[in-house]
Structures are given as structure tokens and as C-alpha cells.
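Participant: One structure, as C-alpha cells, below. Some questions next.
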Amino acid sequence: MGKAKKVVLAYSGGVDTSVCIPYLKKEYGVEHVIAFAADLGQGDELDQIKQKAISAGASESLIGNLVKPFIEDFAFPAIRSNALYQGRYPLSTALARPLIAKNLVEIARELNADGVAHGCTGKGNDQVRFDVTIGALAPDLQLLTPAREWGMSREETIAYGEKYGIVPPVSKKTPYSIDLNLLGRSIEAGPLEDPFEMPSEEVFGITSSIADSPNEPEIVDILFENGYPVAINGEAMEPVSLIKKANSLAGKHGFGRLDIIEDRVVGIKSREIYETPGLLLLIKAHQEIESLTLPADLLDTKFRLERQWADLVYKGFWFSPLKEALDGFINYSQKQVNGTVRVRLFKGNVDVIGRKSKENSLYISDMSTYGSEDKFNHKSAEGFIYVWGLPSRIWSWINK
């Protein structure tokens, strides 16, 4: 296989992906670098990216609006899966990577490129997600990974870029590395590399501090149909608008901040700061409506598989047979997950204060009550307990 001459680069506008453009041309002999930036709802951040790529030497600069598929095809399945990596991180950044990689491959096919490239470094998770996804979708395409191979320090990378007129967005005054999409923000590097250092308020952008959040609680109703959130406070919304509304409501009350130590795929621990107000709110509400509408054995099994689903996505296996099989289980489990969850937002907390399902609630008040309306047959308990505990009694008879 000869050297790739036409390459589509996953472009973010940051230092590494900007430096990749001249580096691919000079060091790899690539003749045409096509920069592709994904619009995932990050807003104004994309305004200057197109021209920035051209200034860095790209032959063409493309921006793809992926907000709708990002929310509908990636975020909403994660909500139905209650996806929390290591029980805490809702995959706000990880969910975007297979979508970007998929579009990278599609553009390469459309433009007859013979390679694709990314600017991920050798220490992060994203290199794994891009490489595994591209390998699964297009094993014939050449994959170029200059930032993993060039061996330059951060300072050397910046200096290399400056020779080509690339101005770094990070300075000593703003030393943080930030990734942003509609699901939230991830912040790392700088002072945050000390896991005992409290993050300053300046690192947060979409959640209020507790001090600045409202002094009165807010009650919010979230309606689910087949496990999908479809309305907030009685107002039906399409998925993108619903995520925006959930972000606004939860973020205003200071909910959705995470400060965690996370185990990366490559084997190292990292300190990560996340803001994911809407996604965490919706997952919490979804867990609650499931508790009302699903039987115990299905809940227990789904709980175990949810962690596996989150692990697969975090580790780059969105397009894998096991992930697809788990999707089938989760899709079936959501057929009766219908109803409304009521939450109270206040000072960084979300408390579930009510839940109801007109058609699918498994909570039967006549069976659960301790009042005079009680229809539970108490006499049946004795025989049930005898049979239920029989293995323990047999064990005791034989061994004690």
C-alpha cells in the first residue's frame, strides 16, 4: 500500500489537530489534507474553525452538522441504557467519537480519499475510540496518527505550529483543555492535574455555582415514552430541544458537576471535571421510571448489562457485535417504560419526589398499603418463606 495522498482529518481547531495539517504535508507527504469539524452543538466555538484550517494549510475545510444524530442516535440510547462509566461518568464526550469517526469514513469515501487521520495523543481514550471505530467501518483506509507518533512535547508542538502561523488557544492564564458539545463540557490539564486541587469556578461554563443558584427549588416533570424522554413540564419536544431545556433547568440550579478520578483505556488514572447537567438529570429520571414499570428480575439483569454497555462505549466498541446485542436487550426492555417522573431541583441536587405511569405501573396500592384496603394475603407468606429458606435449612441440617 502506497502513501496516502489525500487524507480527511478529524479537526477540532485545537493545537494538536491544527499542527497535524502542516505536519501531514511535510512529514508524511500528504498532498491534500481535508479538515472535517463536527458540529455537536458546541455553538460559537465553530465560528472561526473553517478559516483556521485553511490558514494552517488544509486544501478544504468542512463542517458537518451532526447535532440531531448525536442526540437521537447516541445520547438517547445512552439515557435508555442509564449509561454511567464506572457508575459515574455519563459518556458525554465518549458518545461523540464513534459518530465523528463514522462521518470521517463517509467523507473519505465520498471524496475518494485514500486515508483518514486524527490528532489524538498516545495517552488518551480518543485515539482508541477513533482507531477501533475506523478499523471496524473501513479497515482498508490508511489511518494516520501524527500526534501519537511525532514525539513532541506540548511546548514543542506549539512552537512547531507557530512556524506555520498557528496560534495556540491555551495560555498560562487559561491552561485548561476543554471539550464541548451539547451534552456538556469536559475540562482537564493545568492545575487540575493535582487531584487534591479544588477546581476554581472559572473552569465551569454551563452550571451555576451553589452560591449563585436560585434560592427557591424548582419542580420539573419529565415524561417518558418507551424509555425516551419526550416532554418536560407538559411540553412535548424533539430530542435536541429537550436536551437544551434539561441543560438549562439543571445547570441553573448547579446540578451536573462531576470531579472524578477515571480509569482510562490505556491503563492510567486521570482527574476529570465534567459538566453534564441535562444528561445526568434525564438518566436519574429514567432510572426512576424504570423502577416503577419493570419487574425486579429484569431490573437486576439490565443493571448488570448497563455497566457493560457503558464500558463498551467508553472503550471504543460502539460498532461491535456485543454492543449491538445489548442494544437488542435494552430496546426490548423499554417497551413498557412509560410515565412521568417529578423532580425537585435545588442547590446542586436533584431529588425525585414523584413518579406515575397510567398504563404500566407495577406499583399496586391495594397490595402495598398497610391500611384497611390491604388485599395482600398475609397467610401465604408462611409457606412461601418455608420454601424460600429451605436450602439454608438443609445446609444447616447436614453440616452443623
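Keep in mind that glycine also has a Cβ here, set from the backbone N, Cα and C atoms.
Swiss-Prot feature annotations, pasted as is:
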- ALA10, TYR11, SER12, GLY13, GLY14, VAL15, ASP16, THR17, SER18, ALA38, GLY119: ATP binding site (BINDING)
- TYR89, ASN125, ARG129, SER177, SER186, GLU262, TYR274: L-citrulline binding site (BINDING)
- THR121, ASN125, ASP126: L-aspartate binding site (BINDING)
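Could you place the listed features in the three-dimensional structure?
Facilitator: Under a cutoff of 8 A between CB atoms, and with a sequence separation of 6+ in the same chain, the neighbours of GLY119 (ATP binding site) are LEU9, ALA10, TYR11, SER12, GLY14, ASP16, THR17, VAL19, CYS20, PRO146, ALA147. The DSSP secondary structure for GLY119 (ATP binding site) is coil.
Close to TYR89 (L-citrulline binding site) in the fold, though at least 6 residues off in sequence, lie LEU258, ILE260, GLU262, GLU272, TYR274, TYR314, each with a CB less than 8 Å from its CB. According to DSSP, TYR89 (L-citrulline binding site) sits within a strand segment.
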Participant: Taking the residues TYR89, ASN125, ARG129, SER177, SER186, GLU262, TYR274 listed for L-citrulline, what is the greatest CA to CA distance in Å, to the nearest whole number?
Facilitator: 19
Participant: Write down the Cα-Cα distance for THR121 (L-aspartate binding site) and SER18 (ATP binding site), rounded and given in Å.
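Facilitator: A Cα-Cα distance of 13 Å.
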Participant: Which of these binding-site residues has the least crowded Cβ, counting other Cβ atoms within 10 Å: SER12, SER18, ASN125, SER177, SER186?
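Facilitator: It is SER177 that, of the binding-site residues SER12, SER18, ASN125, SER177, SER186, has the fewest other Cβ atoms within 10 Å.
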Participant: For the ATP binding residues given in the record (ALA10, TYR11, SER12, GLY13, GLY14, VAL15, ASP16, THR17, SER18, ALA38, GLY119), what is the largest pairwise C-alpha separation in angstrom?
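Facilitator: Between the most distant Cα atoms of the ATP site, 16 Å.
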Participant: Check the DSSP secondary structure of SER177 (L-citrulline binding site), expressed as helix, strand or coil.
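Facilitator: SER177 (L-citrulline binding site) sits in a strand per DSSP.
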